[in-house]
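Taken straight from TrEMBL:
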DOMAIN    62-401  domain 'Amidohydrolase-related'
BINDING   Glu143, His211, His232  Zn(2+) binding site
BINDING   Ala154, Asn235, Ala236, Arg243, His272, Leu328, Ser329, Gly330  substrate binding site
ACT_SITE  Asp294  active site, proton donor/acceptor
Amino acid sequence: MRGGQGAARAPVIQFTNCRILRGGALLREDLWVRGGRILDPEKLFFEERRVADEQRDCGGCILAPGFIDVQINGGFGVDFSQASEDVGSGVALVARRILSHGVTSFCPTLVTSPLEVYHKVLPQIPVKSGGPHGAGVLGVHLEGPFISREKRGAHPEAHLRSFEADAFQDLLATYGGLDNVRIVTLAPELGHSHEVIRALTALGICVSLGHSVADLGTAEEAVQSGATFITHLFNAMLPFHHRDPGIVGLLTSDRLPAGRHIFYGMIADGIHTNPAALRIAHRAHPKGLVLVTDAVPALGLGNGRHTLGQQEVEVDGLTAYVAGTSTLSGSIAPMDTCVRHFLQATGCSVECALEAASLHPAQLLGLEKRKGTLDFGADADFVVLDDSLHVRATYISGELVWQAEEARP
């Protein structure tokens, strides 16, 4: 039903009494959907001489593009970095549960793991379109094992690796293939990293810089080689210093390739990053900010001991630590909570907060024509929000896939 005569015959749904996020502004317009795509109503009226088959009153709510989470390690007891015979059922459970957070697409993320985990897990997480079954899978985010020992954070030291002389072949042997991979986080100061960055980029895989002690010059060279993202800015990297700001300096660097800017992830959970640091990053480079949850398997489960790959994680209130340490180990905040906290902490506009969770991650992955936007022709993946940015309903391909209990008729 996505193209040709089939799409033209599909029913037209008109969402009324709403504010649509489009072109960086909230517009008091209706949203028209047909065949899973956003429809241009002028063409419908003047070329097809048709009207809507169905109207849905949105009660004055905001309609924003569906949220895209490019770094999520699991949730609801599912650990993407644990090998099993049925990884797919765990991914499906998370995909279904995050619909209530407004997430319509995501990148399941694996932390540093033994080789056998990559070889067993990666073939079981194919790219998959979203729908009533759950959010779409855009490809896997591999965070490690080619990262810094000093800035490994919650990654197990025993499984960290550096690149061998034949670096890209070494990476392929480590992961067992890249068919389902969308993002790789690595430390650019590792030997041979730049040839790896160039090879990954040539395959259309996004390279992210993180868990690193790189200085600014090394980071700039990595971007010149093709890196486009920074994994959870400020966390697991050298702190900003005025003589060498390190990876953080990429936000205002004048040595990036012409026409390119860097994107950077931020965990706006109120734990990982002080509100002042969120404000500094946002004001320095607002167009590159990508909200990520970095959620761990304990998401949605509450206090107690849980796993993250090969490590035990202890959750206390809103904070997850590597058990027995004070090292932060991912987040337990859902995406809609991160959006609200980011809005409050930075004082940015509602439009900016929503685009940081939708348009910017789509741009990072080169999907901005289809995802992260409500422009005509884009996929009809969107979230219905009240004025306080709580999720009322989630739609994928124009189909209602989740609705808050109190919003149900």
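Using N, Cα and C of the backbone, Cβ positions are placed for all residues, glycine too.
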Message: These are the binding-site residues: His211, His232, Arg243, His272. Which one scores highest on other Cβ atoms within 10 Å?
response: His211
Query: Of the recorded positions listed here (Glu143, His211, Asp294), which is spatially closest to Ala236 (substrate binding site) when Cα positions are compared?
result: His211
Query: Ranking the binding-site residues Asn235, Ser329 by other Cβ atoms within 10 Å, which is at the bottom?
result: Asn235
Message: Quick check for the class: what is the C-alpha distance, in angstrom and rounded, between Asn235 (substrate binding site) and His211 (Zn(2+) binding site)?
response: 8
- prompt: Considering the binding-site residues Ala236, Leu328, which residue's Cβ sits among the greatest number of other Cβ atoms within 10 Å?
  reply: Ala236
Statement: If we take the Cα of the residue listed as 'active site, proton donor/acceptor' and draw a 10 Å sphere, the binding-site residues of Glu143, Ala154, His211, Arg243, Leu328 inside it are none
Message: Given a separation of at least six residues and a C-beta threshold under 8 Å, show me what packs close to Gly330 (substrate binding site) in the same chain.
response: Asn73, Ala154, Asp294, Ala295, Val296, Leu308, Val313, Ala320
- line: CB neighbours within 10 A of Glu143 (Zn(2+) binding site), counting all protein chains shown, number 29
Statement: Spacing of the two Cα atoms, His211 (Zn(2+) binding site) and His272 (substrate binding site), in whole angstrom, works out to 14
Task: Round to a whole number and give the Cα-to-Cα distance in Å for the pair Arg243 (substrate binding site) and His232 (Zn(2+) binding site).
output: 22
- prompt: How many Å lie between the Cα of Glu143 (Zn(2+) binding site) and the Cα of Leu328 (substrate binding site)?
  reply: 16
Message: Beyond the listed site residues Glu143, His211, His232, identify every same-chain residue whose Cβ lies within 8 Å of the center of their Cβ atoms for the Zn(2+) site.
response: Gln71, Gly144, Ile147, Gly153, His155, Thr185, Ser208, Gly210, Thr231, Asn235, Ala236, Asp294
